[in-house]
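These come from Swiss-Prot:
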- Cys27-Cys38: disulfide bond (DISULFID)
- Cys55-Cys144: disulfide bond (DISULFID)
- Cys121-Cys136: disulfide bond (DISULFID)
- 34-145: domain 'C-type lectin' (DOMAIN)
- Asn47: N-linked glycosylation site (CARBOHYD)
- Asn137: N-linked glycosylation site (CARBOHYD)
- 1-23: signal peptide (SIGNAL)
Amino acid sequence: MGRFISVSFGLLVVFLSLSGAGAGLCCPLDWSSYDLYCYKVFKQQMNWTDAEQFCTQQHTGSHLVSFHSTEEVDFVVQMSYKSLDTTFFWIGVNNIWNGCNWQWSDGTGLDYKEWREQFECLVAKTFDNQWWSMDCNSTYSFVCKFQA
């Protein structure tokens, strides 16, 4: 009887871990996961608006990447450095639609600011945590993100 309860409890734990909250946190095969989100680097180069539109077509809730911690920036910079042969990639912060009100394209709050305002769109460098404002019509690779 004791052995049956132990085995049953073990199976229950496995079942709950597979069917509970963790089950919905899987990213598609070619996406990388970090802190409840899925990320993917795209090598093709597009202007900011086309890259954002492309991201929204990849998965429900997907946008150009937004950053909310230094650790998240580090993760994406490492991922992009390994994948891209270019120095810059588009990120989701802009002030295209709101004049001087900078915001992330996914609607989340702008937690910190690490750039000089010169153009309306931002790129991040593939080898450090610097952000640069660039002409939105320039073409760069980009990273998409969605909540798992």
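Placed from the backbone N, Cα and C atoms, the Cβ positions cover glycine too.
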C-beta crowding around Cys121 (disulfide bond), within 10 angstroms: 26
Set of same-chain residues at least 6 away whose C-beta sits under 8 angstroms from Cys144 (disulfide bond): Tyr39, Lys40, Phe42, Phe54, Cys55, Gln58, His59, Ser62, His63, Leu64, Val65
Cα separation, Asn137 (N-linked glycosylation site) to Asn47 (N-linked glycosylation site) (Å, whole number): 5
Candidate nearest Asn137 (N-linked glycosylation site) in space, where candidates are the disulfide-bonded residues Cys27, Cys38, Cys121 and distance is Cα-Cα: Cys121
Count of other CB atoms lying within 10 Å of the CB belonging to Cys136 (disulfide bond): 19
Model confidence over the domain 'C-type lectin' (34-145) (mean pLDDT, whole number): 89
Number of other Cβ atoms within 10 Å of the Cβ of Asn47 (N-linked glycosylation site) across all protein chains: 18
C-alpha spacing of Cys121 (disulfide bond) relative to Cys27 (disulfide bond), in angstrom: 27
Most Cβ neighbours inside 10 Å, all chains, among the disulfide-bonded residues Cys27, Cys38: Cys38
Asn137 (N-linked glycosylation site): tally of other CB atoms within 10 A of its CB: 12
For Asn47 (N-linked glycosylation site): DSSP state (helix, strand, coil): coil
Cys38 (disulfide bond) to Cys121 (disulfide bond) - Cα separation in whole Å: 22
